[in-house]
Amino acid sequence: MSARTLDGKATAAAIKAELRERVSALRERGVVPGLGTILVGDDPGSQWYVAGKHRDCAEVGIASLRRDLPAEISQAELEAVVEQLNADPGCTGFIVQLPLPSHLDTDAVLELVDPAKDADGLHPTNLGRLVLNVNRPITTPLPCTPRGVIELMLRHGIDLAGKDVVVVGRGVTVGRSIGALLTRREVNATVTLTHTGTKSLDEHLRSADVIVAAAGVPGLVSAENVKPGAIVLDVGVSRVEDPETGKSRVAGDVAADVAGVASWISPNPGGVGPMTRALLLQNVVESAERALR
């Protein structure tokens, strides 16, 4: 068996095309969605991620509001910038790029973000609303990566109803939030949340119809612990040394041999990553649409 590819790049491009039409419709009504970013310091990786988000905005017609701040900024000064974006009608969603310098209280900064403008969908208020909402239509921003994982499968014709999904990883970005989306009645999957401390992790993996690997452990999921025909999504991000070049490279949680066992697999990079970026834009557009209702 050779796994088919869950192509995140092509799927994200399709979502962006849809968003361009929605942004155009909003502009006709006098509303221009705007994504704000707050970047503290000059970390090259963070600068690269933020620049990518603004390139995405340009592709679909979303306005960019970039706030690049010095690494030595005080807590009060940073919180004032957050409040400015909260109050700016041209900003329909924004993110605070993490990590922040160690002298800053990250939780306090993130909780200050207006939940209606929470482009990442990870504000405590929005996560709480998601947990409480099993049936009703979603009216708050959703976590981008979990939503991207599900959308990637749905747009490849995969029906998740009744599927046993094993999630590996307990971080807020994916592990703790994806179960709330997968178990909504409109999706109707059954979810087991595991992590690197789970006993008999191999047994859980071998029983799964779908595996979402988000532990940040290179090669954690291999062919020997995936049942034939399973669907495998690689969300893990780690840095390892390339033995041939000696340089650092990004590695996922899923070993290459899984492609010979699974029915579908998401590449890493090129799978869930582009979906996360596309769904961030969708949160910004949806916030603008909700403001008009």
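Just so it is clear, glycine is given a Cβ too, placed from its N, Cα and C backbone atoms.
Within the same chain, residues at least 6 positions away in sequence whose Cβ sits under 8 Å from that of Gly171 (NADP(+) binding site) are Ala214, Gly216. Residues or ranges marked as NADP(+) binding site by Swiss-Prot on the basis of sequence analysis: Gly169, Arg170, Gly171, Thr196, Val237.
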Field: Cβ atoms near Gly169 (NADP(+) binding site) (within 10 Å, other residues, all chains)
entry: 23
- request: Using only the residues recorded as binding NADP(+) (Gly169, Arg170, Gly171, Thr196, Val237), report the maximum Cα-Cα distance in Å, whole number please.
  value: 15
- prompt: Apart from Gly169, Arg170, Gly171, Thr196, Val237, which residues in this chain have a Cβ no more than 8 Å from the mean position of the Cβ atoms of those residues at the NADP(+) site?
  reply: Val168, Val174, Gly175, His195, Ala214, Ala215, Gly216, Val217, Gly236
